[in-house]
Amino acid sequence: MLEIMLFLIGIISGFVNILAGGGSFLTIPILIFMGLPPTVANGTNRLGIFLQSLIGAVKFKQYGVFPAKFALIVSIPAIIGSIIGSYLATVISDEAFKNYLVFFMVAITLITLFNPVGKLKQKDISLSRGKWIFSIIAFFFVGVYGGFIQAGVGFLILAAIIVTGYDLVAGNAVKTFVILIFTIFALAIFFIQGKVDLYLGLILSIGNVIGAIAGTKVTVLKGNNFIRWFVVICVLVFALKLIFF
């Protein structure tokens with residue numbers, strides 16, 4: 001029965017992660033509820049994230065909404081940041097990061113609602129030097145957070161991408177690719193340390209992949225406005241969860 005629940009939550013979280021982010025706020029608690037230690041739950045969750053991101057990135061590429069040049073470049077500082085973030089996890093408290101995340105969620109909501117850069121684009125665009133510098137710095141810090149905890153990192157990536165001039169369709173494609181790169185490194189570390197439950201991880205992963213396939217299709221079909229409000233709702237829900245629960 002619990003395995004079925006995990007599978008269904010995997011579908012929901014895979015869908016939510018592709019369209020917005022925050023799916024790990026659903027999956028990690030259920031894994032802990034099923035008896036896994038928090039560190040093992042965190043590692044097991046990365047298996048599902050890896051597979052959903054892999055499938056999602058491939059689907060976005062097939063749909064022709066993947067700005068490859070931008071994604072490849074910003075993934076480099078993100079990788080460096082994620083390595084540093086894994087070390088910060090040992091010295092910064094969860095409570096401090098929770099407070100930072102709530103702050104970022106409010107900022108992301110404002111950026112998403114009040115698009116500050118005018119008309120947004122889906123495919124690779126010519127960015128000014130200033131926007132490239134901003135992107136590299138922003139994705140470095142996104143990587144730091146992603147390396148630390150992962151949950152909610154999708155919201156930060158979308159906020160950074162919107163400021164550069166890409167819309168949320170392209171933003172989700174870039175987000176999915178960058179998270180895929182994060183997770184390759186993180187998952188390897190968790191595997192080496194024996195922090196992955198393959199049985200529960202595979203059940204979760206199957207659900208994640210189904211949700212990711214649906215999420216990429218909805219992203220392309222519904223477009224920027226639908227995703228914008230979906231992101232806002234998800235951000236507000238998870239922010240309230242962090243504040244009150």
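Just so you know, glycine gets a Cβ as well, placed from its N, Cα and C.
Small disclaimer: the values here were computed from a predicted structure and weren't measured.
The transmembrane segment annotation in TrEMBL covers 7-34 (among others). Sequence-distant contacts of the transmembrane segment (7-34) (same chain, at least 6 residues past either end, Cβ-Cβ under 8 Å): 40-42, 44-45, 48-49, 52, 56, 150-155, 157-158, 172, 175-176, 197, 200, 203-212, 214-216, 218-219, 227, 230-231, 234-235, 237-238, 241.
Per TrEMBL, transmembrane segment is recorded for 70-88 (among others). Within the same chain, residues 124, 127, 132, 135-137, 139-148, 164, 166, 173-174, 177-178, 181-182, 185-186, 189 sit at least 6 positions outside the transmembrane segment (70-88) and bring their C-beta atoms closer than 8 Å to a C-beta of that stretch.
Annotated transmembrane segment per TrEMBL: 100-120 (among others), in sequence order.
If you look up TrEMBL, you'll see 132-163 (among others) marked as transmembrane segment.
Summarising the annotation, TrEMBL assigns transmembrane segment to 169-192 (among others).
The transmembrane segment annotation in TrEMBL covers 199-220 (among others).
The transmembrane segment feature in TrEMBL is assigned to 226-244 (among others).
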*What parts of the chain pack near the transmembrane segment (199-220), using Cβ distances under 8 Å and only residues at least 6 beyond its ends?*
3, 6-19, 23, 27, 31, 34, 36, 44-45, 47-53, 55-56, 59-60, 63, 65, 168-169, 172, 176, 226-227
*Sequence-remote contacts (6 or more beyond its ends) of the transmembrane segment (169-192), Cβ cut-off under 8 Å?*
18-19, 21, 42-43, 46-47, 49-50, 53-54, 56-57, 60-61, 65-67, 70-71, 74-75, 78-79, 82-83, 86, 121-123, 139, 142-143, 146-147, 150, 153-154, 157-158, 161-162, 216, 219-220, 223-224, 227
